[in-house]
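Database features, via TrEMBL:
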- A:Cys15, A:Cys29, A:Cys32, A:Cys38: [4Fe-4S] cluster 1 binding site (BINDING)
- A:Gly69, A:Lys70, A:Gly71, A:Gly72, A:Val73, A:Gly74, A:Lys75, A:Ser76: ATP binding site (BINDING)
- A:Cys242, A:Cys245: [4Fe-4S] cluster 2 binding site (BINDING)
- A:318-334: compositional bias 'Basic and acidic residues' (COMPBIAS)
- A:61-217: domain 'AAA+ ATPase' (DOMAIN)
- A:318-343: region 'Disordered' (REGION)
Amino acid sequence: MTCTDHQGENALTDCPGTGSAQAGRGTACQGCPNQRLCASGAGEAPDPAIEEIKEKMKTVKHKILVLSGKGGVGKSTFSAHLAHALAEDENTQVALLDIDICGPSIPKIMGLEGEQVHQSGSGWSPVFLEDNLGVMSVGFLLSSPDDAVIWRGPKKNGMIKQFLRDVDWGEVDYLIVDTPPGTSDEHLSVVQYLAAAHIDGAVIITTPQEVSLQDVRKEISFCHKVKLPIIGVVENMSGFVCPKCKKESQIFPPTTGGAETMCQDLKIPLLGKVPLDPHIGKSCDEGRSFLVDTPDSPATVAYRSIIQRIQEYCSLHRPEEERTSLVPETRGDMDASSTASAS
Amino acid sequence: MEAVAEPGNLAGVRHIILILSGKGGVGKSTISTELALALRHAGKKGDPYMPCRHPGSLQVGILDVDLCGPSIPRMLQAQGRAVHQCDSGWVPVFVDQEQKVSLMSVGFLLEKPDEAVVWRGPKKNALIKQFVSDVAWGQLDYLVVDTPPGTSDEHMAAVEALRPYSPLGAIVVTTPQAVSVGDVRRELTFCRKTGLRVIGIVENMSGFVCPHCTALCPWTPSSRGAWRRAETLSKSSPTALPFTHSPP
């Protein structure tokens with residue numbers, strides 16, 4: 001699919017692509033509202049912030065994105081508990097960055113609602129839950145829990161740039177980036193801005209049902225398109241044990257084989273399956289670590305196994321050898337080449 | 001900008017309802033689908049609460065503006081269907097034999113089902129405007145608009161494009177836990193700021209009916225304090241829907 005600003009029967013087919021050398025210059029561009037912008041080449045120059053962020057990220061050893069095409073599968077829950085688990089070793093410095101600008105859940109899940117961000121000479125200070133666990137979210141910049149962030153893409157992109165460039169993270173072993181669902185501005189921006197700084201990889205969260213997997217396959221396509229390594233997939237809410245009769249059932253039945261089949265088909269590691277434990281929601285609502293609250297739960301065991309596999313992946317990672325270019329189109333949308341297929 | 005009803009492809013649509021939630025995964029698409037199917041079968045002759053052109057069956061359209069995660073085609077078993085064109089624009093896809101329920105989704109425009117729509121805001125806005133102005137909806141009793149989570153480009157584009165047609169309002173969907181209700185409070189603020197009436201709130205997944213013992217189990221805690229705040233903001237009491245069957 002390409003530029004949709006065209007009218008007429010050739011819409012969606014004749015646009016050369018906003019990243020193309022013919023952008024703004026082709027016959028199909030005549031009359032397109034974007035023609036002047038494309039022809040000017042204004043979008044060609046890389047954003048200087050990319051280099052600034054590269055410098056800033058030199059003190060960050062590992063960067064992990066937590067993604068899902070689908071909403072409500074447990075990205076923020078997983079991001080928060082990944083951060084908690086890594087920070088249990090007081091010698092490991094952990095940073096948790098929430099780039100879900102419209103729906104910032106991390107402050108609540110981390111028990112940091114109402115905290116404010118302070119500025120110093122070296123930039124914004126993250127909110128520290130522990131000495132070795134710092135958190136940043138747009139939620140800390142809102143004056144009321146009812147405040148809605150009704151922003152279009154460019155403004156959200158600007159906020160993400162500030163989070164990466166202006167937050168004084170210090171020396172960090174792991175930077176975990178929690179994202180909103182989808183494959184849009186926030187995802188493109190975080191990949192673009194971290195392009196020169198190198199991302200270790202993405203952990204992709206799903207639930208077992210096909211409606212989720214459908215969206216997650218698109219997310220995997222996105223990762224392939226932007227050359228973002230995939231650490232693996234986590235299947236969340238995988239089975240529910242009835243507290244009354246103790247029998248297990250599937251709230252979200254894996255009618256098409258669940259994440260296991262998807263990962264086999266796409267040759268991507270399945271990091272693990274986490275069963276649905278009502279205590280997870282309770283801990284998140286109360287801003288506490290579920291791993292500490294309910295250490296014997298099968299969900300805790302699953303989480304810890306998954307987190308260990310992520311740590312092993314990061315420790316085997318060699319940035320000098322595996323550094324690849326992650327710079328996608330720098331202007332506007334990723335158009336003619338912006339739809340990618342997982343297969 | 002003053003909203004003025006203009007003749008166009010939505011001129012024959014009587015009522016427009018948006019399904020919103022600040023939170024993802026609460027069941028917006030499921031509820032949009034179930035609402036559309038329920039409306040299709042509603043409407044008895046002389047029913048003052050459900051006036052319709054053809055008693056016994058309403059004509060319902062579903063507009064899926066979740067461009068990154070279009071779920072509705074699969075939910076209605078309409079994946080892979082083609083969108084045709086007519087003089088008035090794109091013809092929505094009928095998902096039933098009686099042709100009472102029509103659907104437009106970006107899912108129909110993808111070459112492959114796994115194709116990712118990796119677009120920034122302006123391009124999403126343009127397609128949503130096209131979905132509103134260039135789809136030949138015809139005569140509809142209800143148009144249900146399913147949205148992605150959040151309060152961003154898609155929501156602003158949909159509200160702006162639909163404003164001239166005086167939408168009935170929005171149904172806001174949440175789940176019981178405080179994290180969801182927190183996002184819904186923000187969505188209610190969005191409705192207030194954009195002048196969109198809140199028809200009501202639905203608390204989805206309010207419990208799980210165990211298929212083995214039929215007990216209704218809370219699968220996640222319910223945040224009553226947050227609920228009270230949401231009720232104040234929306235001036236209506238939420239309706240609770242438990243899990244009673246497997247979602248699609």
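Think of each number as a place in line: the chain as shown, counted from 1.
Any Cβ shown, glycine's included, is placed from N, Cα and C.
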Checklist entry - Which value does the mean pLDDT take for the domain 'AAA+ ATPase' (A:61-217) in this predicted structure? => result 94
Checklist entry - Where A:Gly69 (ATP binding site) and A:Cys245 ([4Fe-4S] cluster 2 binding site) are concerned, what is their Cα separation in Å, rounded? => result 34
Next on the checklist: Within 10 Å of its Cβ, which one of these binding-site residues (A:Val73, A:Cys242, A:Cys245) has the largest number of other Cβ atoms?
Outcome noted: A:Val73
Checklist entry - Measuring Cα to Cα, how many angstrom lie between A:Ser76 (ATP binding site) and A:Cys242 ([4Fe-4S] cluster 2 binding site)? => result 25
Checklist entry - Far apart in sequence but close in space: which same-chain residues, 6 or more away, have a Cβ under 8 Å from A:Gly72 (ATP binding site)? => result A:Pro181
